[in-house]
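Over in TrEMBL, the protein carries these features:
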SIGNAL    1-24  signal peptide
DISULFID  CYS33-CYS247  disulfide bond
DISULFID  CYS81-CYS91  disulfide bond
DISULFID  CYS96-CYS103  disulfide bond
DISULFID  CYS152-CYS237  disulfide bond
DISULFID  CYS157-CYS220  disulfide bond
DISULFID  CYS165-CYS183  disulfide bond
DISULFID  CYS187-CYS196  disulfide bond
DISULFID  CYS197-CYS207  disulfide bond
Amino acid sequence: MGRLIFFLIILTFFTLSFLSEVQSTSFKIVNKCRHTIWPGLLSGATSPPLPTTGFTLKSGESRTVNIPKSWSGRLWARTLCGRGSDGKFSCVTADCGSGKVECAGGGAKPPASLAEFTLNGADGLDFYDVSLVDGYNLPMLVVAKGGTKGGCSPTGCLVDLNGGCPADLKVARGDGSGDNVACRSACEAFADPRYCCSEAYSTPDTCAPSVYSQFFKHACPRSYSYAYDDKTSTFTCASANYMIIFCPLPYTSQKVLGARQDGAQLPLVNKTMMYLKTRHSSGSSSTGLIRTQIIAYVASITLAFFLSCS
């Protein structure tokens, strides 16, 4: 009788372990940056906890995290991190304020490039996006692998925006080097309800894209650029695992993106803004530069249209 009970306990353990694996999604987080990053993860209020909320990832390394199937939350990467004289851990960009490598429930301090997920939502679909609504600190790419339905399109921001960031939005390293390490959103920079989609501008009808959000949108067409950018920035897939790549090459190979036909409305990369200017002439305003870049983008699309019709 004792042996039978022991056998049943072991069987139950392996069954539960198997079901847990079946019901989880994997996030493979890859660091292709030339420097170390510190990924952070934050679960939504009603989501189950994760096995980690932050860790170190050296250049060229990757780590896979198992995510509960009905999880929602966000992840990002912190940069230029270390411990101060008080022993507390902190980062120059996207710090989560925990004082440790693990974020332990803390979110990213803007500006930060964010990957956002709601797994196993309506109709069993995963909903995911890359958001620059809180600003930008690193290029990132999200690729769905092995999905069974939904568009499963890759999304992200593959362009390094720090060098070409408008002067009004730049975040410098703070060590006197003059290096730009992040690019703020207009909401954070100016605290203006028009840019924050708040107060009298809190609906899709009253909050329109700004010249600043258009800078982000035209560089990274599939990323969220402001609060109501849903139509071209939210993607779906079902029963997929996800690869999240930081600092991907702008021309990421089809092997990484997968063979699935990409039916997204906008391109993953706007090639006309692949290499943004790192220095602006002293006499030009950042708003003028943004408008110039947007006009160049529209012109390139128009030219391509006429060439295709000829």
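Backbone N, Cα and C atoms are what each Cβ position is placed from, and that goes for glycine too.
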Worksheet entry | Among CYS33, CYS152, CYS183, the one of these disulfide-bonded residues whose Cβ has the fewest neighbouring Cβ atoms within 10 Å | CYS33
Practice prompt. Would you kindly give the Cα-Cα distance separating CYS157 (disulfide bond) and CYS237 (disulfide bond), rounded to the nearest Å?
Written response: 19
Practice prompt. Enumerate same-chain residues with a sequence separation of six or more from CYS91 (disulfide bond) and a Cβ-Cβ distance below 8 A; give 'none' if the list is empty.
Written response: TRP38, ARG78, THR79, LEU80, CYS81
Practice prompt. By Cβ count within 10 Å, point out the most packed of the disulfide-bonded residues listed: CYS187, CYS220.
Written response: CYS220
Worksheet item: Listed disulfide-bonded residues are CYS96, CYS196, CYS247; which of them have CA atoms within 10 A of the CA of CYS207 (disulfide bond)?
Response: CYS196
Worksheet, complete the sentence: For CYS165 (disulfide bond), the same-chain residues 6+ apart in sequence with C-beta under 8 angstroms from its C-beta are TYR136, ASN180, ALA182, CYS183
Worksheet item: Which residues, sitting 6 or more apart from CYS103 (disulfide bond) on the same chain, put a CB under 8 Å from its CB?
Response: GLY40, LEU41, LEU42, THR53, GLY54, CYS96
Worksheet, complete the sentence: Spatial neighbours of CYS247 (disulfide bond) among the disulfide-bonded residues CYS152, CYS187, CYS196, CYS197, CYS220, using Cα within 10 Å, are none
Discussion item. Of the disulfide-bonded residues CYS33, CYS187, CYS196, CYS197, which one has its Cα closest to the Cα of CYS157 (disulfide bond)?
Written reply: CYS33
